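Visitor: Just passing along the structure, written as structure tokens.
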Amino acid sequence: MFLLAMRSLRQRPGRFAGTLLAAFLGAAITMTFNSLHDTAAAPGIDDASAETLNLSGGVVGGYGTLLVFFAIASTLTVTVRQREEEMELLRRTGATPRQLGRMVVGEAAVVALAATVLAILPAMLGGRVLLGMFHDSGQVARDVDYAFGPIALSAGFGVTLLASVGAAFLAVRRATRAGRRAPRTRLRALGGALALLGGAAGVSTTFALDATDPILMAPAAEGAILLSIGLAAFSPALLRALLACLGRPFAALAGPSGYLAVLNLRRNAARLAGILMPLVLFTGIATATLCMQAVESDAIEASGLTKSVEDKNMETLNLIVVGIIVVFACVMLINSLYAATAYRVREFGRQRLTGATPRQVIGMVGAEATLLTVTGVLLGTAAGLAGLVPFTLVRADEALPGQAPWIWLGIVAVAVAATVVTAVATARRGLRVPAVAAVAVAA
Amino acid sequence: MFRRNRERGHGPSAEALRLVKVGKVYRAGGQDAGKPGEAGDRESTVTALHDVTLSLPTGSFTAVMGPSGSGKSTLLQCAAGLERPDSGIVVVDGEEVTAGDEAQLAVFRRLRIGFVFQQYNLLPTLTVLENTTLPLRLARRRVNLPRAREILGQVGLGDRLGHLPDQLSGGQRQRVAIARALVTEPSVIFADEPTGALDLRSAREVLALLREAVSRHGRTVVMVTHDPVAASYADAVLFLADGRLAGSLAAPTVDAVAERLAHLGDEVYAAGRPEFRAGV
Ligand SMILES: Nc1ncnc2c1ncn2[C@@H]1O[C@H](COP(=O)(O)OP(=O)(O)OP(=O)(O)O)[C@@H](O)[C@H]1O
Ligand SMILES: [Mg+2]
């Protein structure tokens, strides 16, 4: 089975690009921040420097590990689902679920190892940049030298490998035990409800804090993140509700392509979670954090003070964390959407044989992407605002900062571009296959 | 039953389908090759059709038979505008299909041609009724729902309108495909082994439906089949061997068809039947 895993990796390297990228980013980030622990562990380092380094090293730690896990899990689930046919064939030729599991887990482990090795150099560079930042701000003494050592390496390999193998194990278990959907949906609903509760609590805490409290931003930002996660969990249901209201008028306006798009989305809503979730997370988290940062900067400026070094560091770290989350969400979004669209070549073929022109098929994919983006952006914006408005009220005594619409438009532009461009470009490629060949078996 | 080309003022066309010297060559890699008969690396190309010329009158039911790989599917797909022949012309209902790009062909096909595939090719996310009316919607034509329901009733699916394809048996799916091919009132319906995946009884029902499309609705049907019983439902049988026409049989009976099939190899290179006219 391990040989089989290696062979399938060699033959279809493109299929693992998404997982490789997710694992690479994850390993690079984990090692970058953990190398700060290595640096802090050097002998003769003063206490203040060590504390700063260890604190910063830990900032991304928890979130980072969780994100790496989700990103790898999402890309792997897509790869496994794409290969359902191949796995079915292997099973019919006598492979046991255990053997299939070993194959997929083996592949994931190899990909994770390769990704981590590739990530070592970028992580070293990233760590150096971080340390340089601390040198400049004076938070770490100039004579502290950068070190990349056992802590970074073991965290990088450990987190990436564990996340990959765990995610592969779960993905394959799900795939080989078809027909047991209900518990998963219930689990997701439970998780979503908990996240919503936690988020609401975090956001409410904001009102109990003082306008100049240094930790004012934390509960609001984390509340927005949790609300995004909660709404993301319920996004398929909300998509269905949206289609129930807007489906008919949309189909009437958008013609045959819109008609097909609405039907496809309505009947596949559950499967679209993998695309909607990163969209909601991306919009919600980016809106909340970027706008809050703008409010904070304005407030400091308005009070007549200049930004302290710590304020600046806080801002940079904030932006780094958001950047990481946003990049991961984008990778997940593009990967899921690419895979889902590439998988539909046969369906496109059937539509063309029924009389759809290539332009109508592209129009359908574009309409689906648009509806998905609208749903994701609506939910994400709701979560983002829920965190942002209380923070702005307490900090600046207004409901929304003036820059909010512009920041929001920028975020939406990125979301629309990522979704629509990925879907349409992938569909366009799928249309190059002649329709008759596209519907033939084993295309 | 009015004929649509009369509506457009072309006058009735007695000829539903005409192929003139149609040739198709496949390269081994799967892509289309150049002109047939071209020399060069002969090993890597397959001449699927070799100068096929035929003419079918409106309102006829023709079966196409021949050994596996003899070019039957290629013939049907070229005639239906699904594949582009390398040479020759195809005329459906007085209009040439060999011109135009994929979009133009799609527009032409969805109004004039119905195609029934062995593997049904229904859309999995659409219900029976939605699948049936899809060609009309794609063509932005008014969807006559009572008419669609009536056709589905005729094919015996009146109580399954809201089902999705994967809730239907193979025979039922093929009947949906036939209803979908009928709903646009096309000039010609092509069917490639429509009974290939069906049991005996479902196969009979599907054949009776095709027969009815001809006798009741005045359509022209061209059907590829390996089954002499299926061929006996047709008015005439065309035999194909090695990409060439290898004879025909009018008013076919099961035994006569089986007999001809058995001796098909002997006739192939006995030249002298370059053209075929269905006798109706
Ligand atoms: N896309 C393709 N690429 C290359 N060769 C092809 C292609 N399609 C068909 N052929 C070849 O063209 C010839 C005719 O194929 P066709 O599918 O028309 O046969 P058929 O009579 O329908 O056979 P069957 O009864 O098995 O369906 C065969 O030799 C086949 O291998
Ligand atoms: Mg065939």
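We count from 1, first residue shown onward.
Glycine is no exception: its Cβ is also placed from the backbone N, Cα and C atoms.
Here's the feature list from TrEMBL:
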TRANSMEM  A:57-80  transmembrane segment
DOMAIN    A:64-177  domain 'ABC3 transporter permease C-terminal'
TRANSMEM  A:100-126  transmembrane segment
TRANSMEM  A:146-170  transmembrane segment
TRANSMEM  A:190-209  transmembrane segment
TRANSMEM  A:215-239  transmembrane segment
TRANSMEM  A:272-295  transmembrane segment
TRANSMEM  A:317-340  transmembrane segment
DOMAIN    A:320-432  domain 'ABC3 transporter permease C-terminal'
TRANSMEM  A:361-386  transmembrane segment
TRANSMEM  A:406-425  transmembrane segment
Visitor: As a quick check of your reading of DSSP, tell me how many residues in the domain 'ABC3 transporter permease C-terminal' (A:320-432) are helical, how many are strand and how many are coil.
Guide: 98 helix, 0 strand, 15 coil
Visitor: With pairs restricted to those 6 or more apart in sequence, evaluate whether the transmembrane segment (A:317-340) and the transmembrane segment (A:406-425) have 3+ C-beta pairs under 8 Å.
Guide: yes
Visitor: Top stretch among A:215-239, A:361-386, A:406-425 for CB pairs under 8 A with the transmembrane segment (A:190-209)?
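Guide: That would be A:215-239.
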Visitor: If you average per-residue pLDDT over the domain 'ABC3 transporter permease C-terminal' (A:320-432), what number do you get?
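Guide: PLDDT averaged over the stretch: 90.
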Visitor: Could you count the residues of the domain 'ABC3 transporter permease C-terminal' (A:64-177) that DSSP puts in helix, in strand and in coil?
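Guide: Result for the domain 'ABC3 transporter permease C-terminal' (A:64-177), in helix, strand, coil order: 96 helix, 0 strand, 18 coil.
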Visitor: Take the transmembrane segment (A:146-170) and find every residue of the same chain, 6 or more past its ends, with a Cβ under 8 Å from one of its Cβ atoms.
Guide: 19, 23, 26-27, 30-32, 34-35, 37-39, 41-42, 64-65, 68-69, 72-73, 76-77, 80, 101, 104-105, 107-109, 111-113, 115-116, 119-120, 123-124, 127-128, 131
